[in-house]
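Trainee: So that we are looking at the same thing, I have put the structure below in structure tokens.
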Amino acid sequence: MASFAQFGNDLYSGRRQIDFIGKRRRWYTLTAVLLVIAAIGLFGRGLNFSLEFTGGSEFRVPGVSNMADYDTRAKTATQTALKSSENVIVTKIGSNTVRVQVEKPKSGSADATDQVSTALAKEFKVSPTTVTSSYIGPSWGEQVRQKAIVALLVFLALLSVLLAVYFRTWKMALAALIALVHDLFFTVGVYALTGIEVSPATVIGFLTILGYSIYDTVVVFDKVRENTDEAMASGRRSYAQAANYAVNQTLVRSINTSVVALLPITAILLVGIFLLGPGTLLDLALALFVGIAVGTYSSIFIATPILVSLRSREPAMKDLERKATAYQRKQASALDEEEHTPGESASGVMEPAREKAAAQARTDRPRTRQIHPLAKRDED
Amino acid sequence: MLIAALFAGIGASAAWGNPKGQWTPKLGLDLEGGRQVILQPELGKGQTVNAGQLNQAVNIIRNRVDGSGVAEAEVTTLGSENIVVSIPGNPSKQILDSLAQSSQLLFRAVIATGQPQADQTPAPTLPGATPSAPATSAPTGTGTAKPSGSASAKPSSSVKAPSSSAKAAPSSTGKNDAFPAAFAAATGTPTGSGSGSAAPAASSTPAPTSAAPSGPPTLPGATGSASPSTTPGKPANASDQAWANQLVSRIWIDAGLAQTGETYQQLLQTVSCSNTNPKLGPLASTWQEVAARAPANEPSVGCSKDKSATFLMGPSEVSGDTITDATWGQTTNSAGIQTGEIAVNLTFNDKGKTQFANVTRRLVGLQGDQNRFAIIVDGQIISAPGTNDPITDGRAQITGGFTEAEAKILADQLKFGALPFSFKELSSDQISPQLGIDQLQKGIIAGLIGLLLVVFYSLLQYRALGLVTVASLLVAGVMSYGLVTFLGFANNFRLTMAGVTGLIVAIGITADSFIVYFERVRDEVRSGRPLRAAVETGWSRARRTIIISDAVNFLAAAVLYVLSESTVKAFAFTLGLTTLVDLVVVMLFTHPVLTMLARTKFFGGGHKWSGLDPERLGARGTTYAGRGRVTIADRKQAAAQGGTV
């Protein structure tokens, strides 16, 4: 663990820096590939919506005398009759009626409906004529969906305003939104690819991700903002470097946070896979696991690089970059080195020892120092 | 403190609450089961349901269910015309009934009032014969004088003039004087006081022989004794007494409540308000049900809520779909003091406002019963106050002897609009949870294991500081639990499986606040600050981050809560809740605790296991105590000195 603490220290002090921003084309490519895969899943396979969205068939088996273990029995009977392993919702109504809801046999396919009725009647030892079947509509109908989407759009609009006001630049809001859309798109894509059913519980999972993703991005951006202010004041590092430094400084936090958030979810996921089988719990845990992992990834590898791409074209930032380059060159030349350490080139942070040395070198140097290539020669 | 108060609240609710509060959170449909009601539309002959209407009904019912708190209910269609409503727990009958009611609100001008058919009277019956005049029974005292112009030698009509319209005038206006311009009025017993004498008119009339179905009901002037307009033919406006002589709409005949050729005046005399015995003639419930479906552009008859009077009313002039909002509360008198009477307050849109103004302007000029404006919900006259002044601001108030619960339900029903038709309960069953308790238990166990891992991890990362995290998480967990339990009591908030998982995740997010905070403090320590100063500067920097990120989450929660419905609404509620808990815990627990700990030798001295050991954090004990705001240069310098290890 000491090494992890050391790692944190080094990231903070700048002794060690990971170049997130400089290699942003690499992350963009990686992200693009991931998104293409998600899109293939989404538009190719499509999402597998659950009963609550599509409606389906409902069977009622009244007058059952032996209710022991009714849920597994009904489930098995239905799945066997349908020859598919789709999700079956079994509920007990009153004291002796079993209700089975499945998505597949829509009102149209009389055959399948009959098969299920017969299978259920046989399993529960009642007359097939008493088993009723009817079509049930979606409980997550058009209106619920529409309202949720409208609410989401309104939220995103308000969020953009809030972030733009807080960070005083709409570009941060835009970058955060892009990261957010990326997270949701990717997670939903995973669902499409794996064919796991999307139930209302899953949607709640998606919404939780939405909250987490923005939260995570905002935490990183807040540090970027702080570093930018410092950089603007000192002129010692460019915007890209300040942003990279911020990502490095918050990296330990990002790792810790995602580990802390992922630990309980992993536990639930494992229990879901090995003990419970498919169901609400697994649906949710998977959505959350993927979403939180991607959310952390996007804050670091997408949101911040995009922000830098957007902002480094601003005149003020270009100006800052010139100043920073000049300063850093001066430091390097003081040390009589042309090469920068990784930390210096990526984040504009000089290792304390080198900085000290540079300062020392400058004071030791005779007053008539070499003229810097960029400096104007004023005695001419 | 907060926690103590919260749990005191729960304790109180558990001890004295009604219905009793409980110490565990209320669970949702998927975990606890609940009641499932199948609703079937009540349709008249030849009426059919189309998919659009059914969907509209589902949406309205869903709104009504959600209106009673965050209920996590499920509303779907079943087959081609039924609706299934599943509500967690054991909802009261009142709530279930309210879902099925159409709640069609109409305002009709009163044309005449009458006395309801008394219960035990043998039915007027005899098919073929026009309903005879109600056989007396209890005409609220005072047989009294024949109403003025009534008797009216109409050939066909066995029915007496709408006496009351003529004479109740002075008394009823007098009664309503007391009310301010508003629409508050005492109606339940409209015939109260002096006007009582007028009502029994019919009973005192000579027995009818009539049986003249042929009687041309269109005869003008007929009964409208006191009617200002004796113009024959088309009624001039909705208050015109000529309506009384119009032929009844088919709907009454189809329902067996009237004969072909009967007039509304005759219909008024046969209305039953409390008959429950089918042998005695049409049931009171049938009357109300048919009245509810009566065409809005035709007159209608109905009973007052307390069953003491019947009304003949003109075509509907304002309808419930022009209502933009409905609230309930106590009425206040002119001095602004609450009177204790419960009212439902309505706000109309522009259309409704204009309609309302027009009608009330006309009614002000009329006398007696015709001055009254009946408010009808599903065929029942909730109240029929007199009109003293035109109401032009688009606001109305309904009073009618409501209890608080009734007023709340009515307000909710009106707010979300009327169902295209009323429903009746086809079946109502207790249903089992969809997910076994097994899922919940295993889920919770998994969550607990996960949290244990979190504890382990934070101890590893932050050493003793991890204990602060754990304690904070505990506080957050206990608070969330308490709030969820309390809101279950106060707001019918219910936890579904998704909610439980959401809470577990939320705790992870809460932990992030601490991590952000601790990392900032460590950063400050790395820069060489002494711990106490590091805690303060770290806090002031972390606070900004924590507040903005929580603000974002809260915004999400608020928007989703207001704009969406069903499960999403419940999710938004949970999110908002945990965000607030997060803020409260960090501000009021974690930070004070850390500040306190920084004063101890163990932490302040940067003990090896405190998690804040400057040496481990790469800073050497160089202190810059007393320095104010640190610029980057300061920190660089500090780092420069500390970094040469």
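Numbers run from 1 along the shown chain.
Even glycines carry a Cβ here, placed using N, Cα and C.
According to TrEMBL:
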- A:352-367: compositional bias 'Basic and acidic residues' (COMPBIAS)
- A:119-312: domain 'Protein export membrane protein SecD/SecF C-terminal' (DOMAIN)
- A:325-380: region 'Disordered' (REGION)
- A:27-47: transmembrane segment (TRANSMEM)
- A:148-167: transmembrane segment (TRANSMEM)
- A:174-192: transmembrane segment (TRANSMEM)
- A:198-215: transmembrane segment (TRANSMEM)
- A:259-278: transmembrane segment (TRANSMEM)
- A:284-308: transmembrane segment (TRANSMEM)
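I'd like to know what surrounds each of these features in this structure.
Mentor: Within its own chain, the transmembrane segment (A:27-47) is flanked in space by residues 20, 182, 185-186, 188-193, 195, 198, 298, 301-302, 305, which lie at least six positions past its ends and keep a Cβ under 8 Å from the stretch.
Beyond the transmembrane segment (A:148-167), the same-chain residues lying 6 or more positions past its ends with a Cβ under 8 Å from any Cβ of the stretch are 173-174, 176-177, 180, 203, 210, 214, 218, 221, 225.
Only residues 6 or more beyond the boundaries of the transmembrane segment (A:259-278), in the same chain, are considered here, and those with a CB under 8 A from a CB of the stretch are 87, 196-197, 212, 284-286, 288-289, 292-293.
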Trainee: What residues in the same chain, six or more past the boundaries of the transmembrane segment (A:284-308), come closer than 8 Å to it by Cβ-Cβ distance?
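Mentor: Distant Cβ neighbours of the transmembrane segment (A:284-308) are 20-21, 24, 27-28, 30-31, 171-172, 174-176, 178-180, 182-184, 186-187, 190-191, 196, 201-202, 204-206, 208-209, 212-213, 216-217, 219-221, 224, 239-240, 243-244, 246-247, 251, 254, 257-258, 261-262, 265-266, 268-269, 272.
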